[in-house]
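As written in TrEMBL, here are the features:
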{"type": "ACT_SITE", "residues": "Asp486", "note": "active site, proton acceptor"}
{"type": "BINDING", "residues": "353-360, Lys380, 427-433, Arg490", "note": "ATP binding site"}
{"type": "BINDING", "residues": "Asn491, Asp504", "note": "Mg(2+) binding site"}
{"type": "DOMAIN", "residues": "5-103", "note": "domain 'Ig-like'"}
{"type": "DOMAIN", "residues": "346-617", "note": "domain 'Protein kinase'"}
{"type": "REGION", "residues": "209-230", "note": "region 'Disordered'"}
Amino acid sequence: GCDVPKVEVVNSSAVVFERERVTLTCRGWGQPPPKVHWNTTRVQAAPFDVSNTVSEEVGPDGKMIQVKTAELILHSVDGTSNGMLRCYADNVVGRSKAEVSLTIYTPPRITYMSMGKSYYQHIKYEAVAFPEYNYSWYINGRQLNINNRLLQDDKNKYGVRNINTDAAFYIGYLEFQMDIPSNAGLYTLVIENEYGIANRSLEVSFPPFPRNANNQPPVPPASSGKPRVQGRETITDAEQHQLPMIVALSVLLVLLTAGGALVTLRWCQFRQHYAAEGTPFSAWLWESLRPGGGGRRCFDRKRVVGCERIPLNVARMVENPNYPVYHQETLKGGKASVRHIAREKISFIQSLGEGAFGRVFLGTVDYLSPDEPTTLVAVKTLKDAAGEEARVDFEREAELLTNLQHANIVRFYGVSTDGDPLMILFEYMEHGDLNNFLRDRGPDQSVLDPGAKPVAPLTRADLLKISTQVAAGMEYLASQHFVHRDLATRNCLVGDMLVVKIGDFGMSRDVYSTDYYRVGRHTMLPIRWMPPESILYRKFTVESDVWSFGVVLWEIFSLGKQPWYELSNHEVIQQVTSGKLLTKPDGCPEEIYQMMLTCWKTQPQDRCPIKLLHSQLEHFCKAESEYLPVIE
């Protein structure tokens, strides 16, 4: 009869030193006689041969059987071959396998080292060693101290990772968490085990970052003109001939200045009358949480049918006991405790982007809390806050953000007002915006960016966790009568341990320009996330935020696709205002899609409250195996 073949190895383990010779023997038999072969994938780095022989032997039942033998001869073993080697016996009935554990004692060697960038600039290296090695990093010959996966060197922090990917093969990173010139130098990695030691060096340089002695944010160079020269100036003959023209231009400038002052006076009188009607809630400081803070405050008042306003009496705000309030340093005249951060404590690392309200920088603050010598922050500079009215708005909105504190709202640290420009400081989320985070883990990433390092895909539990956190943040904002008006995955940030928070301050709207529909010169509307009443009448309420939340759910479960990606902005307006809805994303559980549909009711009052949506998502998280199928 026919049966599955039998297979065995002569020795189930082999221990050798690198560069030694070793022979591994595998035997197989059965009816019909099988093909016996080794999987040689693991041993390709060193020369090897395979020999096959056939012999007749007495089987267990006393009958003669045909035994096939395959010998794998490794002439000079390489450390990368450490691990399990498999031998197979195949016939028409099936396959059997046997394994040999090959241990190769290997002195360490560094096979690759280069600069790269994922989230941080880093030195990436690859190494081979067995057993595992100890490692040390040096800069210009001076050793860096290792402390809980962080290398602490004065104020400069480096992240370190050393990953054992396969037996004797390692991939490691030295991450530069601050791209500053003082981190430049010759970096040397030394690795050592009981069989040897190896080292490799790499010269690292960072471009000098312009900053002045007063800790002012870097000023971009002028687009034209010659470099400024310090020292005594002399007037040439050519310049003397230009003096009459200079005088004439000066007189013209004085006249223009006087005229401008008159226009400004009339404008201020108009603004005072305009402001007496009531202040729109969504002012520029919360807009700074959006990409680049583009767009007008609360859009154009004449176009807004219903724009909810937040109570300005801070006593009516709901205090959050989970966060401390700093009472020792407040803005003058502020009703709420707004933390003031001295400018000399702020350092700038690099520019992150520029928006309508100013530039955004990655920076650090010294001793933001007593136990944190240096804290990474995002610093937003406000370029149009020089006037008294703008400063009043600044203080008023800072007061508001101080009270908006929740685990899923990006944290507002404080302000710096001792000098121009005014600055606001927020926490910095290391994984960037949620939209890119989802796309990087989507099925199309390998096609869109073939050179990108693959990352672990998101599970159903991950997507539910993300959705629940966004819902929690929106529930809190609704409890404060806060209308976001631009909720989207691009405006959520991702931190460590898959923590998601609402608010984005790092990028210009130019980055996601196709997500916005320009109306006039200044207004940009996220129409793909807007309900019919917002598109037609510019009406923004907590119910319109619920519609946007449904679109965010669609984004999350489509792994970052743009809503209505197959349509132009004009076509989207036609679809939404005629009652058409987004279809269910591939692989999205039916229960989640039904939740989206409850967010997209035509009448705002019929939409599911965000509090109930949050509760349902929490329930799904706790009982996902019972309620939701697996997302494939």
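Every residue, even glycine, has its Cβ placed from backbone N, Cα and C.
Mean predicted confidence for the domain 'Protein kinase' (346-617): the pLDDT average there is 85. Straight-line distance linking the Cα atoms of Glu430 (ATP binding site) and Asn491 (Mg(2+) binding site), rounded to a whole number, equals 14 Å. The DSSP secondary structure for Asn491 (Mg(2+) binding site) is helix. If you measure from the Cα atom of Asn491 (Mg(2+) binding site) to that of Arg359 (ATP binding site), you get 17 Å.
Asp486 (active site, proton acceptor) sits 14 Å from Asp433 (ATP binding site), counting Cα to Cα.
Comparing the binding-site residues Glu427, Glu430, Asp433 by how many other C-beta atoms lie within 10 angstroms of each C-beta, the top residue is Asp433.
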